[in-house]
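One structure below.
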Amino acid sequence: MAASAQLLAEELQIFGLEWEEAVTEKLAELCVLYGQSEEGMVGELIAFCTSTCKMCVTSEILNSFEHEFLSKRLSRGRARQGVSKDSEHAGARDIVSIQELIEVEEEEETLLNSYTTPSKGSQKRAITTPETPLTKRTVSARSPHQLLSPSSFSPSATPSQKYNSRSNRGEVVTSFGSAQGVSWSGGGGAGNVSLKVLGYPEPLTGSYKSMFQKLPDVREVLTCKIEELGSELREHYKIEAFTPLLVPAQEPVTLLGQIGCDSNGKLNNKSVILEGDREHSSGAQIPVDLSELKEYSLFPGQVVVMEGTNITGRKLVATKLYEGVPLPFYEPTEEDGDCEQTMVLVACGPYTTSDSITYEPLLDLITVINHDRPDVCILLGPFLDAKHEQVENCLLTSPFEDVFKQCLRTIIEGTRSSGSHLVFVPSLRDVHHEPVYPQPPFSYPELAQEDRKRVRFVSEPCSLSISGVIFGLTSTDLLFHMGAEEISSSSGTSDRFSRILKHILTQRSFYPLYPPQEGTAIDYENFYAYAQLPVTPDVFIVPSELRYFVKDILGCVCVNPGRLTKGQVGGTFGRLYLRRPPVGGEGRQSPCAAVQVVRI
(Lines of atoms letter the chains of each structure in order from A and count residues from 1; the text may use other names and numbers.)
(Lines give C-alpha, C1' and ligand atoms only; values in the text may rest on other atoms or scores of the structure.)
Protein backbone atom coordinates (compact mmCIF):
# COMPACT_ATOMS: atom_id res chain seq x y z
CA MET A 1 0.00 0.00 0.00
CA ALA A 2 1.37 3.45 -1.03
CA ALA A 3 2.40 5.84 1.73
CA SER A 4 1.20 9.45 1.80
CA ALA A 5 3.88 12.16 1.69
CA GLN A 6 1.33 14.61 3.12
CA LEU A 7 0.69 12.43 6.18
CA LEU A 8 4.43 12.08 6.69
CA ALA A 9 4.84 15.86 6.57
CA GLU A 10 2.05 16.29 9.15
CA GLU A 11 3.70 13.75 11.47
CA LEU A 12 7.08 15.52 11.18
CA GLN A 13 5.40 18.85 11.87
CA ILE A 14 3.87 17.51 15.11
CA PHE A 15 7.38 16.87 16.48
CA GLY A 16 8.67 20.27 15.32
CA LEU A 17 11.38 18.89 13.04
CA GLU A 18 12.66 20.77 9.99
CA TRP A 19 13.12 18.83 6.74
CA GLU A 20 14.11 19.22 3.12
CA GLU A 21 11.47 18.93 0.36
CA ALA A 22 12.77 15.59 -0.99
CA VAL A 23 12.70 13.98 2.45
CA THR A 24 8.95 13.21 2.52
CA GLU A 25 9.08 11.46 -0.87
CA LYS A 26 12.09 9.38 0.23
CA LEU A 27 10.31 8.51 3.51
CA ALA A 28 7.25 7.36 1.55
CA GLU A 29 9.48 4.96 -0.43
CA LEU A 30 11.03 3.66 2.80
CA CYS A 31 7.54 3.03 4.25
CA VAL A 32 6.67 0.82 1.28
CA LEU A 33 10.09 -0.90 1.26
CA TYR A 34 10.11 -1.77 4.98
CA GLY A 35 6.34 -2.24 5.49
CA GLN A 36 5.92 0.60 7.98
CA SER A 37 3.01 3.01 8.52
CA GLU A 38 3.59 6.75 8.26
CA GLU A 39 3.24 7.19 12.04
CA GLY A 40 5.57 4.29 12.81
CA MET A 41 8.24 5.42 10.33
CA VAL A 42 8.28 8.97 11.70
CA GLY A 43 8.46 7.61 15.24
CA GLU A 44 11.56 5.55 14.31
CA LEU A 45 13.10 8.59 12.62
CA ILE A 46 12.45 10.83 15.62
CA ALA A 47 14.17 8.28 17.89
CA PHE A 48 17.15 8.11 15.52
CA CYS A 49 17.47 11.92 15.27
CA THR A 50 17.18 12.30 19.06
CA SER A 51 19.95 9.75 19.66
CA THR A 52 22.22 11.52 17.12
CA CYS A 53 21.22 15.06 18.26
CA LYS A 54 19.96 16.13 14.79
CA MET A 55 17.14 18.71 14.56
CA CYS A 56 16.93 19.00 10.74
CA VAL A 57 16.26 15.98 8.52
CA THR A 58 18.40 16.06 5.38
CA SER A 59 18.99 13.50 2.66
CA GLU A 60 22.32 12.53 4.24
CA ILE A 61 20.66 11.91 7.62
CA LEU A 62 17.94 9.87 5.92
CA ASN A 63 20.59 7.70 4.21
CA SER A 64 22.30 7.13 7.56
CA PHE A 65 18.91 6.27 9.10
CA GLU A 66 18.28 3.66 6.43
CA HIS A 67 21.70 2.02 6.54
CA GLU A 68 22.31 2.14 10.30
CA PHE A 69 18.82 1.25 11.52
CA LEU A 70 16.27 0.08 8.96
CA SER A 71 18.51 -2.31 7.01
CA LYS A 72 19.66 -4.05 10.23
CA ARG A 73 16.07 -4.54 11.34
CA LEU A 74 15.15 -5.91 7.92
CA SER A 75 17.90 -8.54 8.17
CA ARG A 76 16.63 -9.59 11.59
CA GLY A 77 13.07 -9.77 10.28
CA ARG A 78 14.13 -12.04 7.42
CA ALA A 79 15.91 -14.36 9.85
CA ARG A 80 12.74 -14.65 11.89
CA GLN A 81 10.66 -15.27 8.79
CA GLY A 82 12.96 -18.18 7.90
CA VAL A 83 12.03 -19.85 11.18
CA SER A 84 8.28 -19.20 11.12
CA LYS A 85 7.52 -19.66 7.38
CA ASP A 86 4.96 -22.29 6.35
CA SER A 87 3.03 -22.20 9.64
CA GLU A 88 0.98 -25.26 8.64
CA HIS A 89 4.12 -27.38 9.10
CA ALA A 90 5.57 -25.28 11.90
CA GLY A 91 6.48 -28.22 14.14
CA ALA A 92 8.85 -29.94 11.73
CA ARG A 93 10.26 -26.70 10.25
CA ASP A 94 10.92 -25.23 13.73
CA ILE A 95 12.99 -28.20 14.79
CA VAL A 96 15.03 -28.13 11.59
CA SER A 97 15.56 -24.37 11.79
CA ILE A 98 16.54 -24.44 15.45
CA GLN A 99 18.98 -27.26 14.76
CA GLU A 100 20.50 -25.26 11.91
CA LEU A 101 20.88 -22.23 14.16
CA ILE A 102 22.59 -24.41 16.79
CA GLU A 103 25.00 -25.80 14.19
CA VAL A 104 25.88 -22.30 12.95
CA GLU A 105 26.48 -21.12 16.52
CA GLU A 106 28.67 -24.14 17.25
CA GLU A 107 30.73 -23.44 14.13
CA GLU A 108 31.23 -19.82 15.21
CA GLU A 109 32.28 -20.85 18.73
CA THR A 110 34.66 -23.46 17.31
CA LEU A 111 36.24 -20.76 15.15
CA LEU A 112 36.58 -18.46 18.18
CA ASN A 113 38.05 -21.25 20.31
CA SER A 114 40.74 -21.89 17.67
CA TYR A 115 42.16 -18.45 18.48
CA THR A 116 42.30 -19.06 22.27
CA THR A 117 45.29 -20.47 24.12
CA PRO A 118 45.21 -24.22 24.90
CA SER A 119 45.25 -23.54 28.67
CA LYS A 120 41.89 -21.83 28.52
CA GLY A 121 40.33 -24.56 26.51
CA SER A 122 36.81 -24.51 25.15
CA GLN A 123 34.26 -22.64 27.18
CA LYS A 124 31.27 -23.59 25.10
CA ARG A 125 27.98 -22.38 26.47
CA ALA A 126 25.38 -25.04 27.17
CA ILE A 127 22.53 -24.81 24.66
CA THR A 128 18.99 -25.54 25.69
CA THR A 129 15.91 -26.00 23.56
CA PRO A 130 12.34 -26.87 24.48
CA GLU A 131 13.07 -30.39 23.27
CA THR A 132 16.24 -30.84 25.36
CA PRO A 133 15.96 -28.85 28.61
CA LEU A 134 18.96 -28.98 30.92
CA THR A 135 17.01 -30.18 33.94
CA LYS A 136 16.05 -33.43 32.23
CA ARG A 137 19.56 -34.74 31.55
CA THR A 138 19.69 -36.99 34.60
CA VAL A 139 16.08 -37.65 35.44
CA SER A 140 16.55 -41.37 35.82
CA ALA A 141 19.65 -41.08 38.02
CA ARG A 142 19.36 -41.83 41.74
CA SER A 143 22.80 -40.87 43.07
CA PRO A 144 22.80 -37.35 44.61
CA HIS A 145 25.98 -36.54 42.68
CA GLN A 146 24.22 -37.46 39.44
CA LEU A 147 20.97 -35.73 40.38
CA LEU A 148 22.67 -32.36 40.88
CA SER A 149 24.43 -30.99 37.82
CA PRO A 150 26.00 -27.59 38.68
CA SER A 151 27.45 -27.24 35.18
CA SER A 152 23.90 -27.01 33.87
CA PHE A 153 23.29 -23.69 35.62
CA SER A 154 26.78 -22.23 36.14
CA PRO A 155 29.59 -21.69 33.60
CA SER A 156 32.23 -21.97 36.37
CA ALA A 157 31.18 -24.94 38.50
CA THR A 158 34.59 -25.68 39.99
CA PRO A 159 34.83 -27.38 43.41
CA SER A 160 36.00 -25.39 46.41
CA GLN A 161 39.62 -26.25 47.28
CA LYS A 162 39.41 -24.96 50.86
CA TYR A 163 36.27 -26.98 51.55
CA ASN A 164 37.73 -30.20 50.13
CA SER A 165 40.99 -29.79 52.09
CA ARG A 166 39.29 -29.60 55.51
CA SER A 167 40.60 -32.09 58.08
CA ASN A 168 38.01 -31.91 60.88
CA ARG A 169 35.06 -33.69 59.28
CA GLY A 170 32.56 -35.10 61.76
CA GLU A 171 34.14 -33.36 64.76
CA VAL A 172 31.70 -32.70 67.62
CA VAL A 173 32.24 -29.04 68.58
CA THR A 174 29.70 -28.73 71.41
CA SER A 175 27.35 -31.03 73.35
CA PHE A 176 24.40 -30.74 75.67
CA GLY A 177 22.72 -33.27 77.94
CA SER A 178 23.66 -36.90 78.41
CA ALA A 179 25.17 -37.71 75.01
CA GLN A 180 27.01 -40.77 76.34
CA GLY A 181 25.53 -44.01 75.12
CA VAL A 182 23.53 -42.33 72.33
CA SER A 183 24.10 -44.11 69.01
CA TRP A 184 22.98 -41.10 66.91
CA SER A 185 21.21 -43.29 64.39
CA GLY A 186 17.48 -43.09 63.92
CA GLY A 187 14.84 -45.33 62.45
CA GLY A 188 14.60 -43.42 59.19
CA GLY A 189 10.98 -42.51 59.83
CA ALA A 190 10.06 -46.16 60.35
CA GLY A 191 8.63 -45.41 63.82
CA ASN A 192 5.33 -43.75 64.60
CA VAL A 193 6.59 -40.17 64.12
CA SER A 194 3.83 -37.55 64.09
CA LEU A 195 4.43 -34.12 62.49
CA LYS A 196 1.98 -31.25 63.01
CA VAL A 197 2.31 -27.49 62.46
CA LEU A 198 0.87 -25.35 65.25
CA GLY A 199 -0.77 -22.02 64.46
CA TYR A 200 -1.80 -18.89 66.30
CA PRO A 201 -4.61 -19.77 65.66
CA GLU A 202 -3.88 -21.15 62.16
CA PRO A 203 -0.51 -21.77 60.45
CA LEU A 204 0.52 -19.89 57.30
CA THR A 205 0.04 -22.21 54.34
CA GLY A 206 0.12 -20.00 51.23
CA SER A 207 1.16 -16.70 49.69
CA TYR A 208 -0.50 -13.40 50.54
CA LYS A 209 -0.49 -9.87 49.19
CA SER A 210 2.23 -7.81 50.82
CA MET A 211 3.26 -4.13 50.61
CA PHE A 212 -0.34 -3.01 51.14
CA GLN A 213 -0.12 -2.18 54.86
CA LYS A 214 -0.95 1.26 56.20
CA LEU A 215 0.70 2.98 59.15
CA PRO A 216 -2.50 2.88 61.28
CA ASP A 217 -2.58 -0.92 60.77
CA VAL A 218 1.02 -1.21 61.98
CA ARG A 219 0.19 0.95 64.97
CA GLU A 220 -2.83 -1.24 65.74
CA VAL A 221 -0.67 -4.39 65.82
CA LEU A 222 1.92 -2.80 68.11
CA THR A 223 -0.81 -1.47 70.42
CA CYS A 224 -2.46 -4.89 70.66
CA LYS A 225 0.91 -6.44 71.54
CA ILE A 226 1.47 -3.90 74.34
CA GLU A 227 -2.02 -4.39 75.77
CA GLU A 228 -1.90 -8.22 75.65
CA LEU A 229 1.51 -8.52 77.31
CA GLY A 230 0.58 -5.77 79.79
CA SER A 231 -2.53 -7.67 80.83
CA GLU A 232 -0.48 -10.85 81.40
CA LEU A 233 2.14 -9.01 83.47
CA ARG A 234 -0.51 -7.23 85.56
CA GLU A 235 -2.18 -10.54 86.44
CA HIS A 236 1.14 -12.27 87.15
CA TYR A 237 2.56 -9.56 89.42
CA LYS A 238 -0.83 -8.61 90.94
CA ILE A 239 -0.54 -4.96 89.82
CA GLU A 240 -3.69 -2.97 90.60
CA ALA A 241 -3.53 -0.56 87.67
CA PHE A 242 -1.11 1.20 85.34
CA THR A 243 -0.57 4.96 85.59
CA PRO A 244 -0.73 7.21 82.50
CA LEU A 245 2.75 8.24 81.32
CA LEU A 246 2.39 12.02 81.40
CA VAL A 247 0.59 12.39 84.75
CA PRO A 248 2.94 13.91 87.43
CA ALA A 249 3.12 11.90 90.66
CA GLN A 250 5.14 12.30 93.85
CA GLU A 251 4.82 8.62 94.77
CA PRO A 252 6.33 5.72 92.77
CA VAL A 253 4.13 4.73 89.83
CA THR A 254 3.90 1.65 87.60
CA LEU A 255 3.90 2.29 83.84
CA LEU A 256 3.26 0.06 80.83
CA GLY A 257 4.82 0.73 77.45
CA GLN A 258 7.17 -0.19 74.64
CA ILE A 259 10.87 0.68 74.55
CA GLY A 260 11.88 3.07 71.79
CA CYS A 261 14.74 5.37 70.78
CA ASP A 262 14.44 9.16 70.79
CA SER A 263 16.25 9.45 67.44
CA ASN A 264 17.07 7.49 64.31
CA GLY A 265 20.39 6.35 65.77
CA LYS A 266 21.27 3.29 67.80
CA LEU A 267 19.69 2.85 71.23
CA ASN A 268 21.84 3.81 74.23
CA ASN A 269 21.20 4.42 77.92
CA LYS A 270 20.63 8.15 77.30
CA SER A 271 18.19 7.80 74.38
CA VAL A 272 15.59 5.40 75.86
CA ILE A 273 11.95 6.45 75.68
CA LEU A 274 8.81 4.63 76.79
CA GLU A 275 5.88 4.63 74.36
CA GLY A 276 2.65 4.20 76.30
CA ASP A 277 -0.34 2.04 75.41
CA ARG A 278 -3.55 3.45 73.99
CA GLU A 279 -5.83 2.61 76.94
CA HIS A 280 -3.86 4.32 79.70
CA SER A 281 -1.53 6.79 77.98
CA SER A 282 -3.09 7.39 74.53
CA GLY A 283 0.20 6.45 72.89
CA ALA A 284 2.21 9.21 74.59
CA GLN A 285 6.01 9.03 74.97
CA ILE A 286 8.28 9.88 77.88
CA PRO A 287 12.10 9.84 78.29
CA VAL A 288 13.47 7.26 80.74
CA ASP A 289 16.38 7.80 83.14
CA LEU A 290 18.13 4.45 83.77
CA SER A 291 20.68 5.71 86.30
CA GLU A 292 18.83 4.16 89.28
CA LEU A 293 18.56 0.71 87.65
CA LYS A 294 21.44 -1.60 88.53
CA GLU A 295 20.47 -4.34 86.10
CA TYR A 296 18.56 -4.04 82.85
CA SER A 297 18.46 -5.41 79.32
CA LEU A 298 16.48 -3.40 76.77
CA PHE A 299 15.92 -3.32 73.03
CA PRO A 300 13.62 -1.32 70.69
CA GLY A 301 10.14 -2.83 70.54
CA GLN A 302 10.34 -4.53 73.96
CA VAL A 303 7.10 -4.37 75.96
CA VAL A 304 7.96 -3.63 79.61
CA VAL A 305 6.40 -2.73 82.92
CA MET A 306 8.50 -0.18 84.80
CA GLU A 307 8.25 1.28 88.27
CA GLY A 308 9.70 4.69 89.06
CA THR A 309 9.08 8.33 89.88
CA ASN A 310 7.63 10.86 87.46
CA ILE A 311 7.60 14.09 89.46
CA THR A 312 7.24 16.54 86.55
CA GLY A 313 5.37 14.32 84.13
CA ARG A 314 8.19 14.82 81.62
CA LYS A 315 10.77 12.19 82.63
CA LEU A 316 10.52 8.79 84.30
CA VAL A 317 13.32 7.87 86.71
CA ALA A 318 13.10 4.06 86.58
CA THR A 319 13.77 2.16 89.80
CA LYS A 320 12.43 -1.32 88.92
CA LEU A 321 11.99 -3.36 85.76
CA TYR A 322 9.54 -6.26 85.92
CA GLU A 323 10.71 -9.55 84.39
CA GLY A 324 8.75 -10.89 81.43
CA VAL A 325 6.65 -14.03 81.75
CA PRO A 326 6.91 -16.88 79.18
CA LEU A 327 3.99 -18.92 77.90
CA PRO A 328 3.28 -22.38 79.33
CA PHE A 329 4.69 -25.49 77.66
CA TYR A 330 2.66 -27.76 75.41
CA GLU A 331 0.95 -30.78 76.97
CA PRO A 332 1.20 -33.81 74.63
CA THR A 333 -2.00 -35.68 73.76
CA GLU A 334 -2.79 -39.16 72.42
CA GLU A 335 -2.88 -37.73 68.88
CA ASP A 336 0.84 -36.96 69.11
CA GLY A 337 1.77 -40.64 68.80
CA ASP A 338 3.64 -42.95 71.12
CA CYS A 339 7.18 -42.66 69.76
CA GLU A 340 9.52 -43.26 72.71
CA GLN A 341 12.67 -41.82 71.14
CA THR A 342 13.38 -39.73 68.06
CA MET A 343 16.51 -38.48 66.34
CA VAL A 344 16.29 -35.08 64.61
CA LEU A 345 18.91 -33.57 62.31
CA VAL A 346 18.95 -29.76 61.82
CA ALA A 347 20.93 -27.90 59.16
CA CYS A 348 20.82 -24.32 57.95
CA GLY A 349 22.02 -22.88 54.61
CA PRO A 350 23.88 -21.71 52.67
CA TYR A 351 24.43 -25.23 51.32
CA THR A 352 27.35 -24.33 49.07
CA THR A 353 30.55 -22.37 49.69
CA SER A 354 30.88 -18.72 48.66
CA ASP A 355 33.56 -19.50 46.04
CA SER A 356 31.70 -22.36 44.35
CA ILE A 357 28.20 -23.30 43.23
CA THR A 358 28.79 -27.08 43.19
CA TYR A 359 26.78 -27.73 46.40
CA GLU A 360 29.38 -30.17 47.74
CA PRO A 361 28.38 -29.50 51.40
CA LEU A 362 24.78 -30.36 50.52
CA LEU A 363 25.86 -33.63 48.91
CA ASP A 364 27.94 -34.44 51.99
CA LEU A 365 24.91 -33.72 54.20
CA ILE A 366 22.81 -36.11 52.12
CA THR A 367 25.48 -38.76 52.70
CA VAL A 368 25.22 -38.15 56.46
CA ILE A 369 21.42 -38.44 56.32
CA ASN A 370 21.59 -41.74 54.43
CA HIS A 371 24.16 -43.08 56.89
CA ASP A 372 22.54 -41.96 60.18
CA ARG A 373 18.91 -42.26 58.98
CA PRO A 374 17.44 -39.64 61.35
CA ASP A 375 13.69 -39.79 61.93
CA VAL A 376 13.25 -36.12 60.99
CA CYS A 377 15.52 -33.73 59.03
CA ILE A 378 14.82 -30.00 59.43
CA LEU A 379 16.47 -28.05 56.61
CA LEU A 380 16.40 -24.26 56.85
CA GLY A 381 17.22 -21.86 54.00
CA PRO A 382 18.79 -20.21 52.20
CA PHE A 383 19.01 -22.94 49.55
CA LEU A 384 20.03 -20.50 46.78
CA ASP A 385 21.57 -17.61 48.69
CA ALA A 386 20.91 -14.07 47.44
CA LYS A 387 24.31 -13.11 48.88
CA HIS A 388 26.24 -15.69 46.84
CA GLU A 389 28.79 -14.11 44.51
CA GLN A 390 27.51 -15.85 41.36
CA VAL A 391 23.92 -14.88 42.20
CA GLU A 392 24.78 -11.24 42.92
CA ASN A 393 26.76 -10.97 39.67
CA CYS A 394 24.07 -12.75 37.61
CA LEU A 395 26.45 -15.49 36.42
CA LEU A 396 23.94 -18.35 36.56
CA THR A 397 22.64 -19.49 33.19
CA SER A 398 19.36 -20.93 34.51
CA PRO A 399 16.50 -19.14 36.31
CA PHE A 400 16.80 -19.07 40.11
CA GLU A 401 13.61 -21.11 40.44
CA ASP A 402 15.06 -23.91 38.29
CA VAL A 403 18.29 -24.06 40.30
CA PHE A 404 16.30 -24.24 43.55
CA LYS A 405 14.08 -27.02 42.21
CA GLN A 406 17.15 -28.98 41.17
CA CYS A 407 18.51 -28.69 44.72
CA LEU A 408 15.15 -29.69 46.16
CA ARG A 409 14.87 -32.71 43.87
CA THR A 410 18.42 -33.73 44.80
CA ILE A 411 17.60 -33.67 48.53
CA ILE A 412 14.25 -35.45 48.23
CA GLU A 413 15.33 -38.20 45.82
CA GLY A 414 18.80 -38.49 47.32
CA THR A 415 17.39 -39.24 50.80
CA ARG A 416 14.57 -41.49 49.67
CA SER A 417 16.46 -44.61 50.71
CA SER A 418 16.84 -43.30 54.28
CA GLY A 419 13.07 -42.86 54.72
CA SER A 420 13.64 -39.74 56.87
CA HIS A 421 10.90 -37.13 57.16
CA LEU A 422 12.02 -33.84 55.55
CA VAL A 423 10.91 -30.40 56.76
CA PHE A 424 11.84 -27.40 54.59
CA VAL A 425 11.88 -23.88 56.09
CA PRO A 426 12.39 -20.92 53.71
CA SER A 427 14.69 -17.94 54.34
CA LEU A 428 14.50 -14.25 53.51
CA ARG A 429 17.82 -14.82 51.72
CA ASP A 430 16.33 -17.37 49.29
CA VAL A 431 16.68 -15.38 46.09
CA HIS A 432 13.78 -17.05 44.28
CA HIS A 433 11.24 -16.82 47.13
CA GLU A 434 9.04 -14.01 48.45
CA PRO A 435 11.23 -11.75 50.64
CA VAL A 436 8.56 -10.81 53.17
CA TYR A 437 8.24 -11.78 56.85
CA PRO A 438 6.40 -13.97 57.79
CA GLN A 439 7.35 -15.99 54.74
CA PRO A 440 4.96 -18.50 53.10
CA PRO A 441 6.11 -22.11 52.55
CA PHE A 442 7.89 -23.18 49.38
CA SER A 443 5.67 -24.28 46.51
CA TYR A 444 6.77 -27.50 44.81
CA PRO A 445 3.94 -29.04 42.75
CA GLU A 446 6.41 -31.46 41.11
CA LEU A 447 6.68 -33.46 44.36
CA ALA A 448 6.28 -37.17 43.57
CA GLN A 449 3.34 -39.03 45.07
CA GLU A 450 5.62 -41.46 46.91
CA ASP A 451 7.33 -38.54 48.74
CA ARG A 452 4.24 -36.63 49.83
CA LYS A 453 3.93 -38.39 53.20
CA ARG A 454 7.51 -37.70 54.28
CA VAL A 455 8.10 -34.19 52.86
CA ARG A 456 6.61 -31.11 54.50
CA PHE A 457 6.99 -27.43 53.57
CA VAL A 458 6.42 -24.96 56.41
CA SER A 459 6.48 -21.18 56.76
CA GLU A 460 9.16 -18.93 58.23
CA PRO A 461 8.77 -18.82 61.20
CA CYS A 462 6.71 -21.75 62.47
CA SER A 463 6.03 -23.99 65.47
CA LEU A 464 6.29 -27.69 64.65
CA SER A 465 5.19 -30.60 66.81
CA ILE A 466 7.33 -33.74 66.41
CA SER A 467 5.49 -36.48 68.32
CA GLY A 468 4.37 -33.92 70.92
CA VAL A 469 7.76 -32.16 71.23
CA ILE A 470 7.36 -28.53 70.12
CA PHE A 471 10.08 -27.04 67.92
CA GLY A 472 10.25 -23.29 67.32
CA LEU A 473 11.80 -22.84 63.87
CA THR A 474 13.15 -19.68 62.27
CA SER A 475 15.84 -19.07 59.65
CA THR A 476 16.10 -15.33 60.38
CA ASP A 477 19.26 -14.35 62.26
CA LEU A 478 17.50 -13.12 65.43
CA LEU A 479 20.66 -13.18 67.51
CA PHE A 480 22.49 -10.90 65.08
CA HIS A 481 19.53 -8.52 64.59
CA MET A 482 18.71 -8.12 68.29
CA GLY A 483 22.31 -8.26 69.47
CA ALA A 484 23.08 -5.16 67.41
CA GLU A 485 20.30 -3.17 69.12
CA GLU A 486 20.23 -4.47 72.72
CA ILE A 487 21.70 -2.44 75.61
CA SER A 488 22.33 -3.89 79.05
CA SER A 489 23.81 -3.32 82.46
CA SER A 490 24.65 -6.09 84.90
CA SER A 491 26.43 -6.33 88.23
CA GLY A 492 27.81 -9.79 87.39
CA THR A 493 28.75 -11.77 84.31
CA SER A 494 25.95 -11.78 81.78
CA ASP A 495 25.66 -13.78 78.56
CA ARG A 496 24.23 -11.76 75.66
CA PHE A 497 22.90 -14.84 73.81
CA SER A 498 20.99 -15.94 76.93
CA ARG A 499 19.50 -12.47 77.40
CA ILE A 500 18.30 -12.26 73.81
CA LEU A 501 16.78 -15.75 73.87
CA LYS A 502 15.04 -14.95 77.14
CA HIS A 503 13.60 -11.81 75.54
CA ILE A 504 12.20 -13.83 72.61
CA LEU A 505 10.49 -16.31 74.94
CA THR A 506 9.09 -13.69 77.35
CA GLN A 507 7.96 -11.33 74.55
CA ARG A 508 6.19 -14.38 73.04
CA SER A 509 7.16 -13.42 69.49
CA PHE A 510 9.52 -14.84 66.88
CA TYR A 511 10.68 -11.29 66.04
CA PRO A 512 10.03 -8.81 68.89
CA LEU A 513 12.40 -6.13 67.50
CA TYR A 514 10.76 -2.90 66.29
CA PRO A 515 11.65 -1.24 64.04
CA PRO A 516 13.14 -4.30 62.32
CA GLN A 517 16.67 -4.37 60.99
CA GLU A 518 17.11 -2.54 57.71
CA GLY A 519 16.37 -4.86 54.81
CA THR A 520 13.83 -6.97 56.72
CA ALA A 521 10.36 -6.40 55.24
CA ILE A 522 7.63 -7.27 57.76
CA ASP A 523 3.93 -7.40 56.95
CA TYR A 524 2.53 -6.59 60.40
CA GLU A 525 -1.02 -7.77 59.82
CA ASN A 526 0.26 -11.25 58.97
CA PHE A 527 3.06 -10.91 61.53
CA TYR A 528 0.42 -10.66 64.27
CA ALA A 529 -1.37 -13.74 62.90
CA TYR A 530 1.57 -16.03 62.06
CA ALA A 531 4.76 -14.93 63.87
CA GLN A 532 3.68 -15.24 67.52
CA LEU A 533 4.62 -18.12 69.80
CA PRO A 534 1.53 -20.28 70.50
CA VAL A 535 3.34 -21.96 73.43
CA THR A 536 6.86 -21.93 74.82
CA PRO A 537 8.72 -24.42 72.58
CA ASP A 538 10.56 -27.39 74.05
CA VAL A 539 13.34 -26.81 71.48
CA PHE A 540 14.07 -23.47 69.79
CA ILE A 541 16.20 -23.54 66.61
CA VAL A 542 17.88 -20.15 66.06
CA PRO A 543 20.58 -20.43 63.37
CA SER A 544 22.98 -17.49 63.21
CA GLU A 545 26.21 -16.22 61.69
CA LEU A 546 27.42 -16.02 65.30
CA ARG A 547 29.10 -18.92 67.08
CA TYR A 548 27.14 -22.17 67.51
CA PHE A 549 25.81 -23.07 70.98
CA VAL A 550 23.23 -25.08 72.93
CA LYS A 551 21.60 -23.43 75.98
CA ASP A 552 18.76 -24.17 78.37
CA ILE A 553 16.73 -20.95 78.71
CA LEU A 554 13.67 -21.03 81.00
CA GLY A 555 13.33 -24.79 80.36
CA CYS A 556 13.56 -24.39 76.56
CA VAL A 557 16.59 -25.94 74.83
CA CYS A 558 17.85 -23.27 72.42
CA VAL A 559 20.13 -24.49 69.62
CA ASN A 560 22.21 -22.48 67.19
CA PRO A 561 23.48 -25.22 64.85
CA GLY A 562 25.53 -22.69 62.87
CA ARG A 563 25.44 -22.69 59.07
CA LEU A 564 26.46 -25.59 56.85
CA THR A 565 29.05 -23.35 55.19
CA LYS A 566 31.00 -20.36 56.51
CA GLY A 567 32.37 -18.50 53.50
CA GLN A 568 34.77 -20.80 51.67
CA VAL A 569 35.01 -23.43 54.42
CA GLY A 570 32.69 -26.04 55.87
CA GLY A 571 30.39 -25.21 58.75
CA THR A 572 28.27 -27.20 61.21
CA PHE A 573 24.90 -28.87 61.66
CA GLY A 574 23.01 -30.11 64.72
CA ARG A 575 21.52 -33.42 65.82
CA LEU A 576 19.09 -33.92 68.68
CA TYR A 577 18.02 -36.98 70.60
CA LEU A 578 14.45 -36.75 71.93
CA ARG A 579 13.14 -39.03 74.63
CA ARG A 580 9.62 -39.00 76.02
CA PRO A 581 9.83 -38.14 79.76
CA PRO A 582 8.27 -40.61 82.22
CA VAL A 583 4.61 -40.04 83.06
CA GLY A 584 3.88 -38.76 86.57
CA GLY A 585 7.42 -37.56 87.31
CA GLU A 586 8.04 -34.69 89.69
CA GLY A 587 8.31 -31.37 87.89
CA ARG A 588 8.76 -30.88 84.17
CA GLN A 589 11.53 -32.77 82.38
CA SER A 590 12.74 -31.61 78.99
CA PRO A 591 12.07 -34.16 76.22
CA CYS A 592 15.38 -33.13 74.60
CA ALA A 593 17.81 -35.61 76.15
CA ALA A 594 20.97 -34.74 74.18
CA VAL A 595 22.20 -32.33 71.51
CA GLN A 596 25.41 -32.20 69.50
CA VAL A 597 26.74 -29.68 67.00
CA VAL A 598 28.93 -31.43 64.42
CA ARG A 599 31.21 -30.23 61.63
CA ILE A 600 30.19 -31.26 58.14
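A Cβ is built for glycine as well, from the same backbone N, Cα and C atoms used for every other residue.
Record features (TrEMBL):
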{"type": "DOMAIN", "residues": "7-72", "note": "domain 'DNA polymerase alpha subunit B N-terminal'"}
{"type": "REGION", "residues": "109-171", "note": "region 'Disordered'"}
{"type": "COMPBIAS", "residues": "113-141", "note": "compositional bias 'Polar residues'"}
{"type": "COMPBIAS", "residues": "143-160", "note": "compositional bias 'Low complexity'"}
{"type": "DOMAIN", "residues": "219-324", "note": "domain 'DNA polymerase alpha subunit B OB'"}
{"type": "DOMAIN", "residues": "344-551", "note": "domain 'DNA polymerase alpha/delta/epsilon subunit B'"}
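Sequence-distant contacts of the compositional bias 'Low complexity' (143-160), counting only residues of its own chain at least 6 positions beyond either end whose CB sits under 8 Å from a CB of the stretch, comprise 123, 125-126, 134-135, 137, 353, 355-360, 362-363, 366-367, 390, 395-398, 402-403, 406-407, 409-410, 413-414, 568. Mapped onto DSSP classes, the compositional bias 'Low complexity' (143-160) shows 7 helix, 0 strand, 11 coil. Broken down by DSSP into helix, strand and coil, the domain 'DNA polymerase alpha subunit B N-terminal' (7-72) contains 50 helix, 4 strand, 12 coil. Across the domain 'DNA polymerase alpha subunit B OB' (219-324), the DSSP tally of helix, strand and coil residues reads 22 helix, 40 strand, 44 coil.
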